[in-house]
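*Asks:* What Swiss-Prot records for this protein is below:
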- Cys74-Cys82: disulfide bond (DISULFID)
- Cys86-Cys149: disulfide bond (DISULFID)
- Cys193-Cys215: disulfide bond (DISULFID)
- 26-121: domain 'Fibronectin type-III' (DOMAIN)
- 1-22: signal peptide (SIGNAL)
- 23-229: topological domain 'Extracellular' (TOPO_DOM)
- 251-567: topological domain 'Cytoplasmic' (TOPO_DOM)
- 230-250: transmembrane segment (TRANSMEM)
Amino acid sequence: MSAWRIRVLATLCFLWQPRVHGQLPPPQNVTLLSKDFDMILTWTPGEGSPPDVLYTVRYESKTRMDKWIKVPHCRNIHSVSCNLTCVIPNFFIKFRAQVKATSGRFHSPWVKSQFKEYHLDVELAPPLLNVNVKENVIHVNATFPMAICVESLPWMYDFNLWEAGSEDKKQYKSIFRKKAVTIDTTALRGNYCFNARSSIQSIDFKHSKFSQPVCMQLNYEGEWKFPFSATIPVFVLLILLTSASIIWLLKQDAKHKKMPQTLDLSNCKIAGPTFCCELRENEFLTDCLICTDKPMSQGKKNKTLAQNNQMWMASFLPSSSSEEEEEEEEEDSSSFIPYTEMLQFPRKHFNFQTPRTADAETILDSTSGVLSVVGGSTLDLSALGFSFFPIRKNEMDTSGSQGNEKASHSHSSSLGRISLTDVRFPGPREHGQHGTDSNDCLEVSLLHTLMNSSCTRLPADEHCLYKKDHDFTICYQKPTLDQPVQVSENPLLNEDPSMEKFIYLQTLQVAEDEGFASDCDSGNFTEGTPPASTVLSDELRISDMEKRYDKKFKFKGYQHSHYMRRS
């Protein structure tokens, strides 16, 4: 090549070099930095740069030095920064970048940055807290403002919980990015605040700043709720008050109501003799006695018996005072079974009247009374409280004779129980033997004594049943034709065989520790020592009856016979 040609080329190069450098100055302050989980290259335009200047960026890693790789999204850009976060091939290797300015046909030289490692030099941003409030619990999780390419790194967050105005904060640390935290807020009342920060562990834990506090009311409505447990006693109290009010209103309404006239029995009086009875603690009435002057038919006797038992009943509770009485109770443990069959008796030749005698012991109101029978009417025993009549039927005695007639009956009355266990009516032969006797007696053996101060109050002209030594004596005078029969205690009984008679047999059972006064009006009551309480057994022995009781109603032709219980 000739010398002049070399000189021309050198001159042209000299002239061209100063002109280019004068048009595009290089970028200034080229820096590689990390901000909010990103790695960014930043710079500033050179002095005298035209407004339409463009910038191009490329990087190299320390493992492959002198091999610059262009960044696609940072080529001919107008901005003065380039995000290299997702361009970095490895987050654990250091790298650097360079940039130049271009304008038309002119460009500036490359300006390089320092080396940086993402995992060590990254700067973290505070996370965004998501608080989901539910009843008595809250759910807390965090959202990180980062690029998708770096989500695989082990990001964590911490958050604090505290009551507004208080410095006491409860910390929740090292919670992984996708994990939510559940907090029980049952005990929390009022305004509570939350804040959080992100963290990553490299050589040491690296933390971001705390986010701005997020405050909210926890259990705000619960402060004004009425506790459910308190409603139970209130409900019970309301029920009690309502019940008491209803009961009080019913009582007040009942006071203003009057008893119906049909149920008012205060003005009713029972016709017939008055019964006076002074009850003690061990006495109460359970039986009623009705006396009739007519024999009852066979079909009506059971009905009448039930009605009488329902109307007026007297029960006396016996008490044992000795071992002998207890043995008698066990021996006589069976109950009475009364005979209910009745004979039809004639209505003639019987009447009831009450002449007086001088026997003071058997007199009501210090006067005596007797039962007399007058022909032409039926004997009225209602004044003595008798209502049932015994059966009279022919029976064969032990010797085979049929001359004697036997009747036995027992029943409860208001004064107790009277029992005539053995009664024999004299036959025609016996009647002839004792025809001269004018007095007949009916023998009654009492199994129990009457109650003290219990008697039948009769009119002045009627006789009162009385007690002496625990036995009753009912005597009557029987006429031969039309003459009245005197009631007495004579042991003989004269009976007209042409007359059919009735004898009322009744059982009297009272408390064994009570006596009976013969005079209801005198107020003087005699206390007796009663025999032991006994009950009829299946068979009553005559010897036992004679040992226990002395006084008896006797009539002519009387004989003992065993009482057989009806099955």
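Glycine is no exception: its Cβ is also placed from the backbone N, Cα and C atoms.
For each listed feature, how buried is it and what is near it?
*Replies:* In sequence order, Leu41, Tyr55, Thr56, Val57, Cys82, Leu84 constitute the residues six or more apart from Cys74 (disulfide bond) in its chain with CB-CB distances below 8 Å. According to DSSP, Cys74 (disulfide bond) sits within a helical segment.
Annotation for Cys149 (disulfide bond): spatial neighbours Thr85, Cys86, criterion Cβ-Cβ under 8 Å with sequence separation of six or more.
DSSP gives Cys215 (disulfide bond) a strand state.
Residues of the same chain that sit 6 or more residues outside the transmembrane segment (230-250) yet have a Cβ under 8 Å from a Cβ within it are not found.
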*Asks:* Could you check the disulfide-bonded residues Cys82, Cys215 and say which one's CB has the most other CB atoms within 10 Å?
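*Replies:* Neighbour-count leader: Cys82.
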*Asks:* I want to verify one value. Collapsing DSSP to three states, which class is Cys82 (disulfide bond)?
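*Replies:* DSSP call for Cys82 (disulfide bond): strand.
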*Asks:* With DSSP assignments reduced to helix, strand and coil, which class does Cys149 (disulfide bond) get?
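*Replies:* In the DSSP reduction, Cys149 (disulfide bond) maps to helix.
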*Asks:* Just going by other Cβ atoms within 10 Å, which of the disulfide-bonded residues Cys86, Cys193 has the emptiest spot?
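*Replies:* Result for the disulfide-bonded residues Cys86, Cys193: minimum number of other Cβ atoms within 10 Å at Cys86.
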